[in-house]
Amino acid sequence: MKLSRRSFMKANAVAAAAAAAGLSVPGVARAVVGQQEAIKWDKAPCRFCGTGCGVLVGTQQGRVVACQGDPDAPVNRGLNCIKGYFLPKIMYGKDRLTQPLLRMKNGKYDKEGEFTPITWDQAFDVMEEKFKTALKEKGPESIGMFGSGQWTIWEGYAASKLFKAGFRSNNIDPNARHCMASAVVGFMRTFGMDEPMGCYDDIEQADAFVLWGANMAEMHPILWSRITNSRLSNQNVTVAVLSTYQHRSFELADNGIIFTPQSDLVILNYIANYIIQNNAINQDFFSKHVNLRKGATDIGYGLRPTHPLEKAAKNPGSDASEPMSFEDYKAFVAEYTLEKTAEMTGVPKDQLEQLAQLYADPNKKVISYWTMGFNQHTRGVWANNLVYNLHLLTGKISQPGCGPFSLTGQPSACGTAREVGTFAHRLPADMVVTNEKHRDICEKKWNIPSGTIPAKIGLHAVAQDRALKDGKLNVYWTMCTNNMQAGPNINEERMPGWRDPRNFIIVSDPYPTVSALAADLILPTAMWVEKEGAYGNAERRTQFWRQQVQAPGEAKSDLWQLVQFSRRFKTEEVWPEELLAKKPELRGKTLYEVLYATPEVSKFPVSELAEDQLNDESRELGFYLQKGLFEEYAWFGRGHGHDLAPFDDYHKARGLRWPVVNGKETQWRYSEGNDPYVKAGEGYKFYGKPDGKAVIFALPFEPAAEAPDEEYDLWLSTGRVLEHWHTGSMTRRVPELHRAFPEAVLFIHPLDAKARDLRRGDKVKVVSRRGEVISIVETRGRNRPPQGLVYMPFFDAAQLVNKLTLDATDPLSKETDFKKCAVKLEKV
């Protein structure tokens, strides 16, 4: 068989990757090389994390049969991580759901019944009855949706329109609340706009990398490979890694720092103090582009109001702040001396000084990276604000090789959850439901009556659990997420509400997850390239893909489910008379007609698709649904610093980083010469703020919501491992990944194990104040906790570690702290 150079590279990429991963090379190589001409290739972003790697997807006879890194993708440059190479297999698990399943007994729905196959019409019949009953009896606040940072952009947009405009309920929130909400609030407080100002191109231009609570070696391995290349090829590049336990990223670290949980706040303030004391402030930048404010303190822990910690808080949930002088700020951080910081954190003084010197050195270009260690934190917003302080004091921001960078964990936590605005308080392009002007903009664009979108913030993720338990939220639809496994405090706050006979729970998913099996109705869902989609990654890169195969059986995309279900409701059934009177022409119309089959959305014909191009939703409806929704959504950000390119441009490109102005993407925001919104002569402009200045916040250390004591004497931290993604609902169906890490283990220091008469491989009961799980003792391996802390991944459905965790949240972002609670161990 004769191959072009390009085809030869494609074919061999899989073989090379398989060899690097230690897989059986001949079979993989033959599958690609031997059948090259028979396989159809097309591009897509990876289905997993927020890095946004580009892959080439090979299809044959209606199935995805191969996958390789896309050599033209600027993010990963042809390389995949181990999960990326097995993308085809996530779609073909033996237990893939192919038809709706309803709990039934004696031929009808029963909360205690067995899951029984039904048709889509029957599923929508039951859903329609439950939604209409709840809306009639209790109103819009009795229904809710929990969505996903894995939704495509138009799925999230369609869901937000259906709930906020159609059902008039802001009780829609994404699972990104559990991972990125603190980053969002941190960005908004400091800069007035969400998402990083830099991009991945910084990696090759930086002199120093500082990881705050980020194990990039396992969670963002492709970016880590680029950092590793930079570090090993340049002796002047430095890597510092901070964590509460030792992990694989420490292998590259020049300065590996293990600190006491929660004390990262102390370290951040110490570095600010060091910068000031050593006259390392960039005075020109600081004087022109920065304001100083002192934030409210003693703000509580996002627990129920009846909890003692909430009762004791002086300013529960307060986001207030007041202006302060530089002298006052200097005095504030002066308290965080080297001696005090070393004592509070357990970090040796020399390591602290080395870290501070990186930021203080005017000749060092520094990037700060962080993920869940910062965000899943009862003071996660503060941690985000405090790291911005370091970059604003030194002016190391919005320039190549310099800047703070919040990494995302889901493929479209940025593009869908944040940019589209699927949070309970947000609207597209950083607008919010509490702002009348913002609501008015959306209502006019959507051609719905003024006053349709509620001004009240809806229920966030943890509040949804509590409302279900309390019987206030009665119909609940979750999509593309597995919150029964991933959310905190399963026993006390989630399971009771899901199984409450007053409530009806719908789960849309490709597989029978823990969440699906706890639901009342399961809807089978199309996944990844079984639909046309778009994701937005951590560097503001929006990427599109085409539908490449059809979903099995009766599985349907989340977009199809939302749009088709909207046909079941007429405006009179969901809107009060005073709204209908404002737009009488909408009487008698379905929500489908009002929200989706509008002149604005339906104006792009199906004929724009290639004749052989799959697009199940658009061909069924008779118009190019995805293009119509995207162009309507993109209107909100254009001209406002969130500019997205025209729809068709994304199918041609390997992603574009917004703002995209006059066909050109933006690598670095807020700086002259890089950002089209910064005029000549302005230098820097943080245009999310009215005065164009960013904010440095004075924020102190405050303790964790729960710490070890005499009985529960260990910290528990939870997280992920390289081989599995989140709850493992996809990766555990890949035999190779499952074999590589078949079950969760409890990583523990050997001396802590010895003190409890535990040995490696022993079964151990892990107990918190909320529940218990049985796990396996691991005293070796990739994760090495210090004495006093244990670490456990949450991918294993047989070991629900979130039975143990506390539902404490950051009071500002409402994001859960999965990194800190107290446990004890009992030998089994």
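Every residue gets a Cβ built from N, Cα and C, even glycine.
According to Swiss-Prot, the residue from Cys81, Cys179 that belongs to the [4Fe-4S] cluster site alongside Cys46, Cys49, Cys53 is Cys81. The local packing around Cys49 ([4Fe-4S] cluster binding site), expressed as other Cβ atoms within 10 Å of its Cβ over all shown chains, amounts to 27. The two recorded residues, Phe794 (substrate binding site) and Lys531 (Mo-bis(molybdopterin guanine dinucleotide) binding site), show a Cα separation of 28 Å. Counting in whole angstrom, Cys46 ([4Fe-4S] cluster binding site) lies 24 from Gly213 (Mo-bis(molybdopterin guanine dinucleotide) binding site) by their C-alpha atoms. A gap of 22 Å separates the Cα atoms of Gly213 (Mo-bis(molybdopterin guanine dinucleotide) binding site) and Cys53 ([4Fe-4S] cluster binding site). Excluding Cys46, Cys49, Cys53, Cys81, which define the [4Fe-4S] cluster site, the same chain contributes Phe48, Thr51, Gly52, Asn76, Asn80, Lys83, Gly84, Pro221, Ile222 within 8 Å (Cβ to the Cβ centroid), listed in sequence order. Listed in sequence order, Thr152, Gln547, Ala551, Ser557, Leu559, Asp616, Glu617 are the same-chain residues at least 6 apart in sequence whose CB falls under 8 Å from the CB of Lys531 (Mo-bis(molybdopterin guanine dinucleotide) binding site). Per DSSP, the domain '4Fe-4S Mo/W bis-MGD-type' (39-95) is made up of 9 helix, 20 strand, 28 coil. According to DSSP, Gln246 (Mo-bis(molybdopterin guanine dinucleotide) binding site) sits within a strand segment. For the pair His726 (Mo-bis(molybdopterin guanine dinucleotide) binding site) and Cys49 ([4Fe-4S] cluster binding site), the C-alpha distance works out to 9 angstrom.
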